[in-house]
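S.K.: Pulled from TrEMBL, these are the listed features:
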type	residues	note
SIGNAL	1-23	signal peptide
DOMAIN	23-288	domain 'NADH:quinone oxidoreductase/Mrp antiporter transmembrane'
TRANSMEM	59-79	transmembrane segment
TRANSMEM	91-115	transmembrane segment
TRANSMEM	152-171	transmembrane segment
TRANSMEM	178-196	transmembrane segment
TRANSMEM	202-219	transmembrane segment
TRANSMEM	240-261	transmembrane segment
TRANSMEM	281-304	transmembrane segment
DOMAIN	290-343	domain 'NADH dehydrogenase subunit 2 C-terminal'
TRANSMEM	324-345	transmembrane segment
Amino acid sequence: MNPQAKLLSAMSLLLGTTITISSNHWMMAWAGLEINTLSILPLISKSHHPRAIEAATKYFLVQATASALLLFSSMTNAWYTGQWDITQLTHPVSCLLLTTAISIKLGLVPFHFWFPEVLQGTPLTTGLLLATIMKFPPITLFLLTSPSLNPTLLTFMAIASAALGGWAGLNQTQTRKILAFSSISHLGWMTVVLLYNPKLTLITFYLYCLMTIPIFLTLNTTKTLKLATMSTAWTKIPSLTATLMLMLLSLAGLPPLTGFLPKWLIIQELTKQEMTPTATIITLLSLLGLFFYLRLAYCATITLPPNSINHMKQWQTSKSTNMIITIFITTSTMLLPLSPMILTIP
């Protein structure tokens, strides 16, 4: 891909995200989401492979539908209340339409079908953008409108997302699809606490990004796209593959790693809100996710291929990649002792 075109797409992506998260008018938020959608499409389809073109087409159609629903929701609210302010969403039909639109954009159950397919058709670096920065503007809109949303509907969708994210990931052999279902499961955890503690939803999203980025970068460095090749990845960069196990266990939420912090805080908040059954159900559903994270960790570090592989051990990659991955590995595994400081994030 032309470097100028790649730079233009990246700058447009940052611009669209900034416009959406800083706006208080529905039209500006909608414009930012549209800029985001149009700027990521060249990055999805840059390989010109049929799967990439299919992924770009699916992504465009789904996001265009969600944007149209969001615009219709804001116009309905403006028609009945005369308000275009994002925080003044009060009409019940508008709230329902907005919940649907944002759920489609995020990939929450039952609007999740597009996300694993699109992620499977994209390169790992673009998949990283889809799983992290592209979810930030919709989550911001969820946070701004959270007092008006239906708690029963959100709780149902959150539990369904945690269940399906764990259940559907069990039988996958493609690493990108496994990470897609992992993202759906984590979105369920973020959504379940959205109405009761929006700040905690944002902290969970930040920590999810910190844990997901090094996994995508590691898989991209070792060129691992499926479980069969993961078992031979240790021959390329042994030290990086060894730390991949820690990152996967952190994403699963095992103490004393970083990933335990958001789950711990969310369970604590749900118990405070007298939602102990919901906390119990979503905690038990996270065991499904733990199984496929352990499966990935097992394939990455414990299995040995039956035949010798003719690879030179690549103990060093480029210095810039090394530095970025090292920083993210540290944050994705060692932030639990800093939890009192993390809770002060505004």
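Even glycines carry a Cβ here, placed using N, Cα and C.
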S.K.: Return the stretch with the most CB pairs under 8 A relative to the transmembrane segment (91-115), choosing among 59-79, 178-196, 240-261, 281-304, 324-345.
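M.R.: Per the Cβ count, the answer is 59-79.
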S.K.: The transmembrane segment (281-304) vs the transmembrane segment (240-261): three or more C-beta pairs under 8 Å (separation of 6 or more)?
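M.R.: Contact between the transmembrane segment (281-304) and the transmembrane segment (240-261): present.
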